[in-house]
Amino acid sequence: MSDHFDIAIVGAGPAGGNAALTAAQSGLRVVLLDEQPAAGGQVWRGKSPSILSAPMTPETKAGNDLRHAIDQSQINHMSGTRVWDIRRDGDKWSLQILCDAQSLQITATSVILATGAREYVQPVTGWTTPGVIGLAGATALFKQSLSLPGDKTVVSGTGPLVFFVASEIRRLGGTVAAIVTPNTRADWARALPSMLQHPKLLARGGVWMADLMLAGVPILWGHAVSKVCGDDHVTSVQTQALESDKQGPIFEADSLCLGHGLIPQIEAAQMLGVPIHHDPALGGWVPDVSPDGVTPVKNLYLCGDGCGIRGALAAGLQGTLTGARVARDLGKTAPAPSIRAWQRAAGFGKAMTGLSIVKPKLEALTSDDTILCRCESLKRSDIRAEITTGAKSTNAVKSGRRAGMGPCGGKYCQTVIAALIAKETGKPIGAIPPSTPRPPLRPVPLGQAAGDFHYDDLPIPKPAPL
Amino acid sequence: MTDQTHYDIAIIGGGIMGCSTALRLASGGMSAIVLDQGDLGQGASGVNAGTLSLQIKRVKLMPYALKGHHLWEEMGDAVGFAKTGGYTLAFNAREAEMLHERQTMKAKAGAPIEFVSNNRLRAAEPNLTQKVQAASFCPEDGYANSSLTGQYYRGRLQDAGIPYREGCKVTAIDQGAAFTLHTAQGKITATRILLAAGAWLKPLAALLDVDLPVNARVNTVSVTERMPPLMSSVIGHATGLLTMKQKANGTVLVGGGWQGLGTPQDGRGTVNTATVKPNLALAQYAVPALAKARVTRSWTGFEANVPDFYPLAGALPNVPNAFVLGCVRGGYTIGPYIGQLMGDSILGREPEMPLFDPGRDFEKDTI
Ligand SMILES: Cc1cc2nc3c(=O)[nH]c(=O)nc-3n(C[C@H](O)[C@@H](O)[C@H](O)COP(=O)(O)OP(=O)(O)OC[C@H]3O[C@@H](n4cnc5c(N)ncnc54)[C@H](O)[C@@H]3O)c2cc1C
Ligand SMILES: Cc1cc2nc3c(=O)[nH]c(=O)nc-3n(C[C@H](O)[C@H](O)[C@H](O)COP(=O)(O)OP(=O)(O)OC[C@H]3O[C@@H](n4cnc5c(N)ncnc54)[C@H](O)[C@@H]3O)c2cc1C
């Protein structure tokens, strides 16, 4: 196998998967890289073999269709493969990848980043207690292994995902203690016009709601979790009404799914020099990119939730647009699909993302005692002290307090820290960019990054002058 | 702090050179302001490997480095200082010879360096490879945490009542009775100026029509996740191409001056995997157990130099009342001390040790 490809695609979710299919149809050599064991990304995540007989959901079906199409194609799909660095090397890109605990390098003429999103959790006291998991993270549990977060679960967060997660927990035989969502019915009414464009998705939402109501699961609109109680495990969850600040009910539970929307994973794009801007309606900082994936960086393309949270449907359509665009840019004949369908889907996705824009009252539930940086156990008071003594950027806070220097690389604290800097300095959030991302994109064992070597062959340069 | 716009001196560059000089000048009674295009201590001074090692200092800079070590010791916990001692290793006969030659000269220059037996080395550092051929030791060596540079100097400047401005790039300089600096935040006038812009000295001096032959090296550093204790002292390599230490929190920092990509004009620079790999290989060769440690970050910073690799420290040629400080090899170690010398010189006092004339002929003159 030659290790040069026309196109290397990072991420085999709806976006990357469809980009790969479209590009491969035009006869290009495509490699599709994803650290997951199967294609499908977050939303169409494959099941682990032990549960293959479990009932089919629309996500499994869409994922199976994608996986089947990839299997039938000429695409070189490398699953279980982690991309840890990408850089320009003359007229091509070189990618460092980890596959079966082996470090390899491949090269490609063009790169498509389809790295998707990660979850945002607005920290509250106790959110790091064992038994608390992400709301989106919970969907991975269901899809991959059909396991439940606990026996009795509070499900809390924004957007449609709370209802999906609650109904999945019930379907899998768990008990939902309550649904707690910062969104109000009025928030949903505002999103309705864009939802009407997608009757199928709307209907699915209707089914979840009907199930939850029939089961008598309490739904607290306009509420949030204000505190998670329990020493070494969740024992109960306190709630609060956001508008009135009134304390809400306390629910006994052994688990909590908590999430407040998604954030685009932009680190790879940033590292390769794509400019970014802040757009709350798209989940925060997003790279500059056209609907068909073109960026200001030559031969670098982006698609899917990694360039703005627009949802799975839009991600797939943008993947197709981008795959066709790259093929044409590489001199192949490929269809030039209309962007209308993507725009429609994106409108819906943005309306859903809008439901997760953090409300000031929700932000106010993060107190000085709340841990903001899990890796370094830093409380909001620690970060605030750093800001009030003069650190005015995310990089400065990172340097002074190590917030963002732990294994997560800042993925889980940078958003809330930037918001705090903005608040303390009176600047708009769009003036506080995330800290400089650094390779590796994922932590890599040193021995694997170094690769096999013979000491005598190490290219040791001339030592410094005496 | 008043809303003053005229200063005795404006210091352009808030790295270790600019900040340490500002402190000296203020203690000598001058009104000073520090201007940085970014944040204080986010240039080389905030991203370097933090090694305080006499074993990797240039022979002629040894007296300055020795003084620097004492200042770091005084700064102590606030900068994450640790005096651990350091071993420099040779893995083959050629390196052993180089080690012997180089460390002997450094010892003669005043560094308390000795050669140590394998037994002693193993007793001190049991996780080192068995392949060491020769080793030297210096009890003065250690490290500080360069990430804390910005935090530390911000506090020191505030305590000394020295104003500083971040996000304040100097884009033009008018000369007259006083200097007028055009910045991203308006105009500032000063009787004197100090150029302390690190790897950006060349474009800065060009604003005054002075051509400083400054080049930038793009040094790389990597860090691992927290590990159980693997080493207790600073570990170096005979060639200088590895410096390594395990911090109190368990993370291991690996440097050695391997070159990344980019230029100071284009942003922060990028890591070149082709050079990070041999850097990490060297680290793993020295301490094999590092193979399992996950690397969480690699980054680069710009280190400035002139063709003879000695500092620029003194009056800027042909521009009265303008001074320059930078291009100091091992500048993190030496910065706090040479800043004091620079300050004294600007204050009209005789510095304790000689400075380095920025107007010298870099090809011919000997330091
Ligand atoms: C945890 C989670 C669960 C979600 N669950 C749902 C859901 O149930 N329903 C729903 O409608 N939406 C869900 N979403 C939203 C989701 O992001 C979709 O909108 C959709 O999956 C976006 O498609 P995508 O192709 O852009 O990205 P993704 O589907 O996220 O695909 C990105 C892929 O890139 C891979 N990747 C990223 N970086 C690297 C790297 N460096 N090396 C190798 N591989 C890499 C990831 O493994 C991933 O498979 C979820 C999001 C998250 C974060
Ligand atoms: C990766 C790396 C590792 C190193 N390791 C070590 C080590 O282990 N031990 C050691 O002793 N030394 C080490 N060094 C060297 C040491 O870091 C430097 O010598 C020292 O920090 C230089 O300080 P400085 O103040 O001159 O430069 P800098 O810290 O770069 O400061 C210059 C400042 O000037 C500002 N500036 C530039 N232009 C303008 C303008 N026009 N207007 C306003 N502001 C401007 C910049 O923003 C910057 O903050 C290392 C260097 C690097 C890069």
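Just so it is clear, glycine is given a Cβ too, placed from its N, Cα and C backbone atoms.
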Could you check which of A:356-392, A:430-466 is flagged in TrEMBL as region 'Disordered'?
A:430-466
With DSSP, how much of the compositional bias 'Pro residues' (A:434-443) is helix, how much strand and how much coil, in residues?
0 helix, 0 strand, 10 coil
Helix, strand, coil residue numbers for the region 'Disordered' (A:430-466) per DSSP?
10 helix, 2 strand, 25 coil
According to DSSP, how is the domain 'BFD-like [2Fe-2S]-binding' (A:371-422) divided among helix, strand and coil residues?
26 helix, 5 strand, 21 coil
